[in-house]
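Taken verbatim from TrEMBL:
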{"type": "COMPBIAS", "residues": "123-132", "note": "compositional bias 'Basic residues'"}
{"type": "DOMAIN", "residues": "2-216", "note": "domain 'Cation efflux protein transmembrane'"}
{"type": "DOMAIN", "residues": "220-295", "note": "domain 'Cation efflux protein cytoplasmic'"}
{"type": "REGION", "residues": "123-148", "note": "region 'Disordered'"}
{"type": "TRANSMEM", "residues": "24-44", "note": "transmembrane segment"}
{"type": "TRANSMEM", "residues": "64-83", "note": "transmembrane segment"}
{"type": "TRANSMEM", "residues": "95-116", "note": "transmembrane segment"}
{"type": "TRANSMEM", "residues": "158-179", "note": "transmembrane segment"}
{"type": "TRANSMEM", "residues": "191-208", "note": "transmembrane segment"}
């Protein structure tokens, strides 16, 4: 990816083609995703410290914001140049270099799509069990089967994204072919820049939304707080849910704190209730870390105002 990005961007600069440089910019977003994934794996191995008791997982979020801002700065520069070219039309493009560079981009995306497609087939074959039964949601196998499913979905998502990159690269190749043999239609270069800039924005908006939810400590989109409360209330000897907080440390690492009140006379069963609640949060809902607080039943007493108390006295 790094070599491809440098090749495309350098080729676009030498050819004076904004379309190819924008195509390279879109590939930079893919490169940022790979770097963030590697960063997340590295951070997951780091031990928490006395100052950072949750670890350094949110460095991934900071890095995502920085990478997106970098992409937007470069995109703003390319859009500015595209507008200037559209208005003045005083530029020349080396059609030969543009055509060769665009062909390299198409070839790379074809190879990536083929490799991801083969990876998806191998993954689905290696985890297929024709006669197996679906495990219950609270069984230990749920986490493993869920991780296999997420891995398969991640490969499929990457394959679909590679197809999108391939379509974009083909668009650049078509524009390069037109400019190479019909130089008077060089307006195709800034037009491609406009179209691909929209694609870059659509690709990165989801990243900004997800990082915003994490920073604001919102509930991850794949979890439903009402569903979690309903399942917690189904646990035997749970009288009420006093408080429930769910938020993300980073993408894929959700934390929860729940405060439960036990039914009258069941204080001796607190260990069993706590164990069931933890299993529900960790195994069924895939919570990364959770804390379950319990208290015995306390009857609510009506609060009387000070004037009523003084009059009764």
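One-based numbering along the chain as shown.
Glycine is no exception: its Cβ is also placed from the backbone N, Cα and C atoms.
DSSP labels the residues of the domain 'Cation efflux protein cytoplasmic' (220-295) in these numbers: 27 helix, 30 strand, 19 coil. If one looks beyond the transmembrane segment (64-83) by at least 6 residues along the same chain, the residues whose Cβ comes under 8 Å of a Cβ in the stretch are 18, 21-22, 25, 28-29, 32, 35-36, 189-190, 193-194, 197, 200-201, 204, 207-208, 211.
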